[in-house]
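To start, the structure under review is shown below, and the notes come after it.
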Amino acid sequence: MATKTKDFQEKKLFQVVRELNVSEDRVVEFLEEEGYEEALSGSGLNAKIVDEEAYLVLREEYADDAEVAARIRELRSEEDDGGPERDEVATLDEEQAAEPESATETAEEAAEPAVADDEEEPRASGDAAPEAAPAEEDTSDATAPADAEAEPSGDEASAEASADDAPADEAPTDEAETAPVDAADKDAAAIADEQKQAAQEPDAEADASGQDTGEETSDTDAATEADATDDAEAESAAPEPTEAEPETPADETEAEDVSADKETASAEEADDHASDEHAPDEDAEAPEEPTEAEGEADDTTEEETPAEGADDAADDEADEEGETLKAGRYRLKGPSVVGKMDSDQLQRPDRKRKRKDKDKDKDKSSKKDKKDKSNKKSKSKGKKQKGGGGGGPDEEDIEQTLQETLQELEQGASRERQRRRRRRRKRHEEERQRRRERKREQENILEVTEFVTTGELANLIGEPVSDVIDTLFDAGMMVSINQRLDTETIEFVADEYGYEVEFVAERDTQAVEVEEDDPEDLEPRAPVVTVMGHVDHGKTSLLDYVRNANVVAGEEGGITQHVGAHYVELTDHDNEAIAFLDTPGHEAFTAMRARGAKATDIVILVVAADDSVMPRTKEAINHAQAADVPIVVAINKMDKREADAEKVRAELADQNVLVEEYGGDVQSAEVSAKTGDGINELLDKVLLQSEIMELKANPNREASGVIIESRLEKGRGNVITVLVQNGTLETGDPFLAGIHSGSVRAMFNERDNRIESVGPSQPALVLGCDGSPEVGDQFVVMDSEGEARDVAQERQRIHREQELRRQSQVSLDQVSRQMAEGEFHELNLIIKADVGGSVEALSDALLKLKTDEVAVNVIHSGVGAITESDVMLARASDAIILGFQVRPTSGAREASQREEVDIRTYSVIYAAIEDVRDALEGLLSPERREETKGRAEVRDTFSVPDVGMVAGCYVNEGTVGRNQKVRLVRDGVVQYEGEISSLKRFEEDVSEVQSGYECGLSIENFDDLKVGDELETYVIVEEARELEV
């Protein structure tokens, strides 16, 4: 996904294309392949890249192209500024090579005074030579040695002819003339070799510039005439002034070129010998400085080639300075020198040259061919002077070299860089694939809550509401836009439009967010301790001793049936306080124990020392471990003789509860709730555990807590027990409790004393709720009662619709199976109790009694007395009313007698469960089994008119009776099952024949009786079944 950072500046697309030297389509295609489609915004000239990551990936991908583009720009900039720089470099080279040039000029003047003006160097021909020389360095270095031996240049021949005979006063010399003769000889030989190499440049280069013909002609003429004349003639010809010589006509130059070509072959050997003989003397005379004739020749060249006047002017300036400067000798070092230019003195970037089109080069060559012959002669002479008799590199070679360089750059990415790029591309591709799969999956999945409306579902799938309603209407369902749909209907609509449904938890749009407290505002609070354990293990007795009150006496059956919350200040422990929650131990109160574990800080697990770890004990351990609540074990009833604390610790270890005596971290104490032994030690360990936990709360804020219990009391209305977890609850505070709301009209503590406020970890009985919230609901103080009422009404609406949809329904296949097996029985119940926790516990326990044949259907449950409306509902639904700790009103009692509705009331919860179990067992069809009564053997058969076949039998075992069923077995195979139609003994009808007697009998609708058949008599017995859950 494209992300625009603050520091990144958007890049125009055309700028990026120019920077990377790639096409715009290529950039767009690459971004789409790499998954950066959103990184490109706009179109046309306004197209730009807004994602920094995409821009960096582009630069890395096309780094080679960008490098090539940068180099081309650099070459172009150098070409634009190259004129003066090249002139300066050329001038320096001329000064350094002044000594060999002076010798060459002397020999030429002696041989051919008329062509003295041709010794000058026009700038037009010199432009390409300095620039192209580095580019052609490798080629010239490789071919120079061989070519130098084969074809010595004309300059060398002229130098050889004039080196020995030129007078010393004709040209000034520098201080290099005083060097030793040996050093001069060596330098002269090196210069001669270099001149030979420079003279043998490829002919193609000279042809490209159109100057090679003139060079070869002049060089050949000079060499031939130098060999033909003797030393005296050369000496007398040397001092002739070149200034007075007129310019040689172009026609004569061409003629000389043709004749020189013929004489070149015969003169090559003579040139080699002359070069060897005169090389030492040439060094001695070499340091001659350029004469005034060179300056005049420059002026002439400038007039002949006005297009290159700027370069000529720079050259004139260099020549004028050359009259006073002295050139120093240096030793040429082989192939590092091309022509008269030292490549070591040039910077690497100077070798780069602007890439020119081939068409442009061709046009330039054609233009040069059309130039004036005199202009060509000037270029030829100037290049001869510049290049030492050899042609410089032309534009085609520069172009070829540049092409090769660019190709190397394009293919020059390292293997590691390519591997990195492939890995990055593969990683991007995998990430894009994962994103596409996630997007594809999310596009076809609808996350909806149960019972969404038709309009909401239509918005989720992106279809008009009318189309969804039409789809349901075609399926036989008439719905409205605001009607809430059940799960099956939602799945049907989603399937019609090609979606899958994923049901999520109901998102309460009216959820109340509780602000986090500042750590500086938190203060220590009392721990909330829940007492848990099995039935009759002494939980309430232990709590009673701590509270110094007899709570058990008020509990029916001696068991706790409510969750009691008590706030106790311990006088023996520096007035520290503990909030106790006493949970029931009966199995029906599993939900209460689970909620108690979630609302508590520490769990006291009470285990009787004379008993062992029981099922409810294991359940309490699981609740505490699931809630991640620390446990403190209280081994109770240590005052009894049969108490065995070690046995209890060992059994707790089996349940993954390791006490400190067994190397664990769970504290334990041996106590007796009857005598009080060990109670203080137990409380000390509880307080120590709370100090380790560092329990804190903020009392200076609006209260929030959890509902511990709710009930309906006469004269008080709905009473809820709230455990405040944070803040302070005061009288008059508006609150929200689950799906109900209200305002605190009054508050009482556990001893029923009225209080005005309660702080953290303190329980309170709150009056003023408009209903009975469920146990475990969140209790939150709101800003106003109206706000709380609005949120509660929205919650009630959702809850009401969900309850209507969640009514138990029997599917069609279940109905078919039950009809095949027999009648399906269902017991309808209406449950009323004094508190909400008891209603929930009793309902959950009864619903567990459901089997395939019988089931419990709770059609209504509530808190409070049994009313007349409950009786009428039971009459209409053929239900039984169960009351737990409540009684019917007078009107309800009369209505039940009139409508013949059964009302049963209980004070102990397990008594109600047992009665319902018995009622369900009565609805079960009895179990049928077969009981064998006797066996008889057929010894004879005879036919009786109007009766049929009669068998004479002997009873071997048991009895044979008239009302019994009979089974005929022949050769071990059952042939027939039926009933006995008649039974006689000595022509008298009898009802039963005992074992050891004979009788005659006939089987109803069966006459195929044979001697030896065995008859078995039996009866079907029905037995009542027990309910197995």
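The backbone N, Cα and C atoms fix where each Cβ goes, glycine too.
So that you can see what the record holds, here are the features copied from Swiss-Prot:
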| type | residues | note |
| --- | --- | --- |
| REGION | 73-441 | region 'Disordered' |
| COMPBIAS | 183-196 | compositional bias 'Basic and acidic residues' |
| COMPBIAS | 358-372 | compositional bias 'Basic and acidic residues' |
| COMPBIAS | 400-411 | compositional bias 'Low complexity' |
| COMPBIAS | 428-441 | compositional bias 'Basic and acidic residues' |
| DOMAIN | 524-696 | domain 'tr-type G' |
| REGION | 533-540 | region 'G1' |
| BINDING | 533-540, 582-586, 636-639 | GTP binding site |
| REGION | 558-562 | region 'G2' |
| REGION | 582-585 | region 'G3' |
| REGION | 636-639 | region 'G4' |
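All features noted in Swiss-Prot, drawn onto the structure.
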| residue | record | DSSP class |
| --- | --- | --- |
| G533 | GTP binding site | strand |
| K539 | GTP binding site | helix |
| M638 | GTP binding site | coil |
Taking all protein chains shown into account, the Cβ-based neighbour count within 10 Å for M638 (GTP binding site) is 21
Around the Cβ of K539 (GTP binding site), other Cβ atoms found within 10 Å total 28
Checked against DSSP, the composition of the compositional bias 'Basic and acidic residues' (428-441) is 14 helix, 0 strand, 0 coil
CB neighbours within 10 A of D536 (GTP binding site), counting all protein chains shown, number 16
Students should find that the Cβ of G533 (GTP binding site) has, within 10 Å, a number of other Cβ atoms equal to 29
